[in-house]
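Database features, via TrEMBL:
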type	residues	note
REGION	1-33	region 'Disordered'
COMPBIAS	11-25	compositional bias 'Acidic residues'
REGION	283-419	region 'Disordered'
COMPBIAS	298-326	compositional bias 'Basic and acidic residues'
COMPBIAS	336-350	compositional bias 'Polar residues'
COMPBIAS	382-394	compositional bias 'Polar residues'
COMPBIAS	401-419	compositional bias 'Basic and acidic residues'
DOMAIN	717-897	domain 'Peptidase S8/S53'
ACT_SITE	723	active site, charge relay system
ACT_SITE	771	active site, charge relay system
ACT_SITE	906	active site, charge relay system
């Protein structure tokens, strides 16, 4: 009995010759008394088989004969339809007729698929296609596991799309079963198709793609026992062959919810996102690919009793089949493989038939994500394995020809290159999907890959506006932002209004239009950016002219922009069409001119951009409502003429009238007030500050103090400044890595400050109130060699002027991020009330403990009200791990600074962090100097000392080594007793590198209490 085949050219008929080790013998042994329904189904299939054989015998089919054969097939179905629809009549394995057909059909050919499609259509309104048998599988899932190509092609290709959707509604039963019995998960038809069908086969790839279109929505988030969704399975590197990128693209279009699902890690907790899993399987495959191949074993080397037959398989023994069917419909006893698939982890035995994948030549192989000999490789090698030369070689495996080995190597290399190319496409599809569907911070977390440096996924110039900036100062940002490493794909690029002072050229530029943003987009392209999803620009005319259509086109054309909000009146639709191959959403500023509106709606207007899905016009006048009505009607007609197969884009009308709005403010949606930069305040240059500035000025002259070392322990100290951002573009915050470097560099950072409901990130290089900029200047002034890593907190304005309120969640994220970055010092010139929410409190405590366990010195502010027993975070989180800093007057008493954020303990905290940094730098440079000079005199500084100074107790001892004046429980550090003389000596030895390092090593020795000073 044979009803198993393919349509439209799939060369799968040779599978008929490969027996499945009598998988159905147990079923055949059932007597009629035991399973009457099964016997009847067997008879139906025999009749169907005979009918198809009879029809196939007639090679010259006249139109009359074809009609006669259709009538015979119709009669065959009519006679049995009522019996098949009786879903109360099932076999002992709870199978309906479609199940039985999926299990037992083996005949090949187009006619077989067409007849099965007719049967499915008759039963499509019943639940037959979705019913689960005792193995918890629907008929389509069974057909996939049984490699019943005729059934698969019938259901997924021959049945029309509308009927496939009806069929898909019943497959919800598989989803419900998976949710109700999570500990006994069977694979759904979609998971099975991704696991077992080959994307390199035209029909099989088409079946998967069509299946994605008709399965219920719930199926996309069903997971196997490892927590993998169908999308997780589809992005495995081993499957990156043939049309797999198209399969992934369709899965993302219909099943984007799977992007939010994290598969389980080895401990059973939430682990890898889809993108992270894709990258992991790719990395694992690369590691395996670099491993040397296993040594070939010849027949003579095999132990007695283990010799293979001519085909390389175990010789078949005459033994009875002792396997039985369990309650789930699976075969018990010894299976042919224990390779894991679906819900099984590597190394666990499998008793499921779905743990095997059959190649198109009938050979079976383990379904392992790391396994490089996949179905495509088998197909690639098919010609050689069936040739007489290959058969002779396989008969004598220890005599492989050189030509054959070279051919196999070449094909494997081609397969590897195909996987690499497809994996690149799949990775980009996933990245685009995350960036389109998630807010920036969330997308960043889901795209983060362990052991890889995160790159910038967006660029935000800031909230602005920026006025009076010269063109040279604007271009200077290219250098100031040179340290930024961008991903190939950016979620958005945003610019506020930037008024460029063009001096004497102002009049000419009013006529020609601006070009400054063109330079920035060209810079992004040079930095490796290839795609930008959204562009948001405030280009409303002001003292600086707007950019022309030609310049906008030149700026945006290379990036495949999808969402454009370029705020300049009356953009040209022809320009939009030239940059709009991927453009799907467009926001327009309209001047109120009716001719402009008419041109937008004509056939040569926005109808030239068929990818558009949404057009929004902002700011108009009430009297133009009729013009908008005409525009919408005109656009509808022109769109139908120009793009008859594409849906007209949605049109969003303005919901208010009035005069033309001159500028859309890019400020934050955080209430009625927005914190403005406060006037710069200068620190009182008292004796403490004057001393440290003098020392820093001399210290800065030591050669190459910024240079990175091969030994990370001997590289410059990094201070994480957790504050409201810092203006890193200030000249005094630019550092030169070494004297050989002509260019300066800016400090890196990270922002946890978002606005516009989380869809925009306020950049870390913009300080919300000027506070963080001052703190950065102070730290850099005390320790010029330290790298400052700026982490921007999310803040809100308060009723008090120049006072910002910190959101605890962003503080927690900032501390964790600093710990992950491996900084040595964290400076927090602020204090928070103890979080009321217990979850926030626990997360805060955990973050502080993580930083402590990584050996990070944490400095935070005390209250400026003189109450050192205040209950504020982060100090209260772990008092023994955090340095709490308060301000003091020259006599060591606590001053009354009130609520001024630029004085008091916030300034003192930055100075203390800077002092700790200079202590660590002295120890680092002392160790480096003594190691390079091989100095072993008493008190010499070692590499172990660099590690030691990272301990809180060691830093406390270093502070105590500096003259300290105690006032009650407080300590006032009198730095002039320690740093004045070394500062003078450094100046005297300016240019004598070794002598200067001797002085620094002497300081380090005193900090470490080694009893020797060299200054």
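A Cβ is built for glycine as well, from the same backbone N, Cα and C atoms used for every other residue.
Annotated features, which come from TrEMBL, shown on the structure.
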residue : record                           : DSSP (3 states)
723     : active site, charge relay system : strand
771     : active site, charge relay system : helix
906     : active site, charge relay system : helix
Cα distance (Å, whole number) from residue 771 (active site, charge relay system) to residue 723 (active site, charge relay system): 7
Number of other Cβ atoms within 10 Å of the Cβ of residue 906 (active site, charge relay system) across all protein chains: 28
Residue 723 (active site, charge relay system) CB neighbourhood, other CB atoms within 10 A: 30
Euclidean distance between Cα atoms of residue 906 (active site, charge relay system) and residue 771 (active site, charge relay system), Å: 9
Packing count at residue 771 (active site, charge relay system) (other Cβ atoms within 10 Å of its Cβ): 28
The domain 'Peptidase S8/S53' (717-897) [mean pLDDT, rounded to integer]: 85
